[in-house]
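**Student:** Dropping the structure in here first, questions after.
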Amino acid sequence: MKFIVFRALMPLPFQLPIAFASLTLKMGIFEIFTAELMAFSVVFTFLPMVMVKEWRQRGSADGFSSVNFVLPVLMMSCWFRHGWMTNDPVNLYLNGFNLIVYAFYLGAFAYYQPKRQNLSIQVGSLAVALYALFVYVDTEPDDVLRADLMSAVAAGTQLFSLVGGIYEIKRVIDNKTTEYLPAPIQFGIFLLVSQWTVFALLVGNYHMFLANAAGLVVNIATIALYFVYPPLTWTVPIFNIQPQKKKD
């Protein structure tokens with residue numbers, strides 16, 4: 001408080017360097033946060049490798065859902081196109097990388113899943129949905145409005161992707177177990193979405209903010225299920241929730 005009063009009493013030529021230094025410091029912190037968020041997002045992209053490893057150990061992906069691999073591709077594709085339209089390197093490179101990795105996950109799921117009919121329908125529906133959304137966005141003639149429309153559509157697909165999370169919640173309640181809900185992925189989602197929510201607020205993209213805030217609510221509700229319906233055969237890390245079936 002004293003510094004603010006002292007600064008207010010300083011001549012204008014002395015105030016400008018201080019204001020510039022303060023702005024530079026804030027920009028530096030934001031850039032560091034952005035770099036950390038991108039790095040963490042890349043690391044998070046590899047978390048589903050835990051599931052791929054489990055499919056390999058079980059010899060099958062039966063019992064697991066492909067919904068949470070297909071719906072993120074819908075969202076990532078839309079944010080990638082928004083990044084391409086606005087020349088935004090964060091959305092462009094990050095989502096482009098994620099799309100390549102998720103193509104691998106879908107391939108791995110198809111390889112270990114004995115029943116591929118649902119996956120085929122989902123991937124086909126994904127292609128049709130992306131084509132329809134991109135054609136709709138391109139009907140806007142103004143470049144600025146078209147980019148803003150793409151942002152709204154991308155946020156909408158991100159909200160729609162929460163259907164996957166809600167579907168997982170329903171499966172857990174129906175089966176009365178979180179056996180097929182890997183805890184590291186859920187904890188990773190919490191850390192990632194929390195940071196993206198803050199990032200969206202800082203850059204003023206309220207479409208992105210609302211979508212991530214809604215995703216955070218669904219994620220917290222999903223994590224709470226570990227307390228109600230523990231896994232059958234493994235212990236939930238961090239919370240140390242024991243499995244329903246004790247090992248001999």
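Positions of Cβ are set from backbone N, Cα and C atoms, glycine also.
Not measured: the values here are computed from a predicted model.
Per TrEMBL, the features are:
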- 31-52: transmembrane segment (TRANSMEM)
- 64-84: transmembrane segment (TRANSMEM)
- 90-112: transmembrane segment (TRANSMEM)
- 119-137: transmembrane segment (TRANSMEM)
- 149-169: transmembrane segment (TRANSMEM)
- 181-203: transmembrane segment (TRANSMEM)
- 209-229: transmembrane segment (TRANSMEM)
**Student:** Taking residues 6+ outside the transmembrane segment (181-203), which of them lie with a CB under 8 Å of any CB in it?
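**Tutor:** For the transmembrane segment (181-203), the sequence-distant neighbours (Cβ-Cβ under 8 Å, at least 6 residues beyond its ends) are 30, 33-34, 36-37, 40-41, 44, 47-48, 50-51, 54, 168, 172, 209, 211-213, 215-216, 219-220, 222-223, 225-226, 231, 236-238.
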**Student:** What same-chain residues lie close to the transmembrane segment (64-84): Cβ under 8 Å, and 6 or more beyond its ends?
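**Tutor:** Result: 48, 51, 55, 90-93, 95-96, 98-99, 102-103, 105-106, 109, 113, 118-119, 122-123, 126, 129-130, 133-134, 137, 147, 150-151, 153-154, 157-158, 160-161, 163-165, 167-168, 171, 180.
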